[in-house]
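**Student:** First the structure, which I've put down as structure tokens, then a few questions once you've had a look.
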């Protein structure tokens with residue numbers, strides 16, 4: 001027997017006994033004394049906020065420049081080797097991905113190298129994650145390419161020398177670069193502003209099923225976009241709704257024109273990468289670092305292309321010109337903002353969501369914290385400043401981040417080393433990769449989509465665990481696949497929010513019973529040992545009570561408990577009318593004529609008796625008391641089977657708030673069931689719920705507070721005590737009336 005089982009047995013055999021009074025709300029709070037919370041004056045708060053102390057200045061610097069915190073604590077002996085290996089491994093992956101993702105962004109390949117350099121350096125200063133790899137990301141690049149193609153289509157410059165002419169292509173590419181820079185600047189401004197305003201929580205609205213469904217749809221978009229490069233066919237690039245369908249049909253329509261040499265080279269690299277990744281995965285514990293297959297494929301593909309002159313001999317499309325050097329800073333065109341703001345918002349949110357998700361995974365694994373607001377600021381700075389140097393929007397790359405973490409990276413110095421390798425390519429050796437076939441880059445991108453395509457395995461998991469999350473995944477995937485990534489994301493967020501409303505509108509309603517000889521109350525339908533108390537129904541809801549579900553709550557109460565107060569009231573009214581009719585058929589009522597006797601005193605006694613009878617008839621008689629006393633057999637078919645219910649207990653332990661409509665609903669339940677002689681108790685209300693009830697004047701009648709109990713067990717015991725006292729009063733003999741002395745009229 002292990003230690004855990006011993007602990008379980010020990011806990012199960014322990015008993016505890018607590019003796020205390022039954023606590024209703026007034027009884028409990030009569031013994032409590034609230035703390036006096038004195039709020040500081042506004043002037044003192046402002047003064048305290050404006051005071052500059054060395055500690056406050058240091059905290060502000062650490063907040064906005066995290067490098068100032070982790071760099072002085074850097075341990076060279078422990079971290080240098082891991083960061084060096086990680087930086088080299090990540091850098092060789094940056095090169096082919098930067099070139100390939102530039103193709104997705106519809107800009108010349110060299111801009112992918114710029115996007116792999118500037119943002120990585122900036123994130124090292126402002127980011128809080130030690131392991132994510134910032135730079136071009138396939139999903140973000142595809143979204144930028146969609147905007148660029150929508151605003152600058154392939155045939156836009158046909159009249160200016162032809163779309164296939166050198167001048168037309170250069171003008172088209174220049175305009176697309178301008179669009180990409182504008183989107184990048186605007187998305188960076190949005191991210192920075194959200195971070196300064198502490199809106200890092202927006203990522204919570206992108207749930208995991210939504211993000212995984214969205215990235216899976218994006219993987220399909222990327223795959224279809226890469227097919228034309230793999231097959232070497234010339235097709236028009238599509239954007240907007242159903243672009244994935246149009247792109248696939250365009251490739252199929254031109255499949256007869258495919259370039260056999262391009263397909264062979266791409267397929268060879270595809271097989272090399274796929275087999276090599278399986279080898280890396282199988283022997284990852286024995287290899288000091290994963291084999292950099294992407295750079296191997298780039299070198300082999302470039303060597304074959306240059307050696308056999310594939311571009312001239314076989315018309316294979318290659319990367320083309322990679323000018324050496326860095327471009328001078330330039331201001332993006334802000335006049336395009338009104339055309340791209342929707343896409344910029346989507347890119348900003350998706351980029352942040354992917355980054356913070358990966359950052360949190362690594363932070364939990366390695367035992368440090370990441371700040372979502374600072375991550376927004378860091379991404380905003382990377383995109384804003386990067387756009388001035390002709391970079392397009394960046395995010396965290398899943399594949400590069402895994403490589404950077406798995407190869408021993410400890411800090412973002414690994415990312416800085418990777419960016420220095422890219423700088424070497426930009427300044428010195430970029431021309432060596434000009435003959436790299438685009439089919440090789442296409443194969444690299446498609447192989448790196450394997451992880452995203454594996455997310456289809458989420459479907460069986462969500463089918464078993466949560467149909468609602470399965471719905472989110474599927475609707476996100478379908479909408480993003482066919483409506484486009486921008487409108488698909490908006491649709492997915494709306495659907496995800498609707499599922500939250502659905503969950504609160506359709507909560508679980510449960511009737512509880514007691515586990516014998518305990519104060520534990522659980523679902524009577526789930527366990528055989530649970531028993532209900534005679535005459536008591538305990539009803540539980542696992543959601544807040546507000547305008548969207550208040551009517552459903554009252555309906556579920558009568559349906560689940562089997563006690564319908566409205567039907568009982570209607571039945572009693574029907575019986576009352578029948579009783580009144582029967583009384584009317586017995587004959588005319590006797591006239592209230594007072595016979596006057598010659599004796600004045602005797603006449604006075606008769607008048608006094610009539611006045612007493614009138615007062616007795618004038619007393620209010622409830623319908624419940626009349627029916628229960630006169631015609632109990634008329635009500636049997638309207639009441640639930642078993643003993644009559646005298647108390648309803650509403651368990652509010654899982655209700656976190658209640659609005660004004662919900663308060664009116666609960667007040668109506670109290671009145672409706674009270675009119676038929678059934679008490680309604682509220683149990684286990686949180687302080688927030690009690691505050692909501694108070695603010696909505698639920699306790700306008702102070703006696704209503706007596707209906708609130710600290711726990712379900714308190715309410716059950718209170719109901720039993722009340723019923724026991726009522727039975728004692730019913731069984732007690734009526735008090736004897738004092739007989740009046742007979743007075744002789746003559747005296």
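Just so you know, glycine gets a Cβ as well, placed from its N, Cα and C.
TrEMBL annotations: computationally assigned, not manually curated.
From TrEMBL, here are the annotated features:
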- 598-615: compositional bias 'Acidic residues' (COMPBIAS)
- 735-747: compositional bias 'Acidic residues' (COMPBIAS)
- 526-719: domain 'STAS' (DOMAIN)
- 581-619: region 'Disordered' (REGION)
- 728-747: region 'Disordered' (REGION)
- 99-125: transmembrane segment (TRANSMEM)
- 132-152: transmembrane segment (TRANSMEM)
- 185-206: transmembrane segment (TRANSMEM)
- 213-231: transmembrane segment (TRANSMEM)
- 251-275: transmembrane segment (TRANSMEM)
- 287-308: transmembrane segment (TRANSMEM)
- 339-364: transmembrane segment (TRANSMEM)
- 376-400: transmembrane segment (TRANSMEM)
- 412-433: transmembrane segment (TRANSMEM)
- 440-457: transmembrane segment (TRANSMEM)
- 477-502: transmembrane segment (TRANSMEM)
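I'd like to know what surrounds each of these features in this structure.
**Tutor:** Proximity of distant same-chain residues to the transmembrane segment (287-308), defined by a Cβ-Cβ separation under 8 Å and at least 6 residues beyond the stretch ends, is recorded for 85, 89, 92-93, 95-97, 265, 269, 272-273, 276-277, 279-280, 314, 316, 318, 403, 406-408, 432-433, 435-437, 439-440, 443-444.
Nonlocal intrachain contacts for the transmembrane segment (376-400), taken as residues 6+ away from its ends with a CB within less than 8 angstroms of a stretch CB, comprise 64, 90, 93-94, 97, 102, 105, 107, 111, 114-115, 117-119, 122-123, 126-128, 132-141, 143-144, 177, 180-185, 187-196, 199-200, 326-327, 329-332, 347-348, 350-352, 354-355, 358-359, 448, 451-452.
Non-local neighbours of the transmembrane segment (477-502) in the same chain are 139, 142-143, 146, 205-207, 210, 213-214, 216-218, 220-221, 239-245, 342-343, 346, 349-350, 468, 471, 548; each lies 6+ residues outside the stretch with a CB under 8 Å from one of its CB atoms.
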**Student:** Does the chain bring the transmembrane segment (251-275) near the transmembrane segment (213-231), so that three or more CB pairs sit under 8 Å (pairs 6 or more apart in sequence)?
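**Tutor:** These two stretches do touch.
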**Student:** Taking every residue in the domain 'STAS' (526-719), what is their average pLDDT?
**Tutor:** 75
**Student:** Taking residues 6+ outside the transmembrane segment (132-152), which of them lie with a CB under 8 Å of any CB in it?
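**Tutor:** Non-local partners: 90, 94, 97-98, 101-102, 104-107, 112, 115-116, 119-120, 123, 172, 175-176, 179-180, 183-184, 214-215, 218-219, 221-222, 225, 237-240, 243, 336, 339-340, 343, 346-347, 350-351, 354-355, 358-359, 362, 379, 382, 392-398, 400-401, 403-404, 415, 418, 445, 448-449, 484-486.
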**Student:** Which stretch from 213-231, 339-364, 412-433, 440-457 shares the most C-beta pairs under 8 Å with the transmembrane segment (99-125)?
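**Tutor:** Against the transmembrane segment (99-125), the leading stretch is 412-433.
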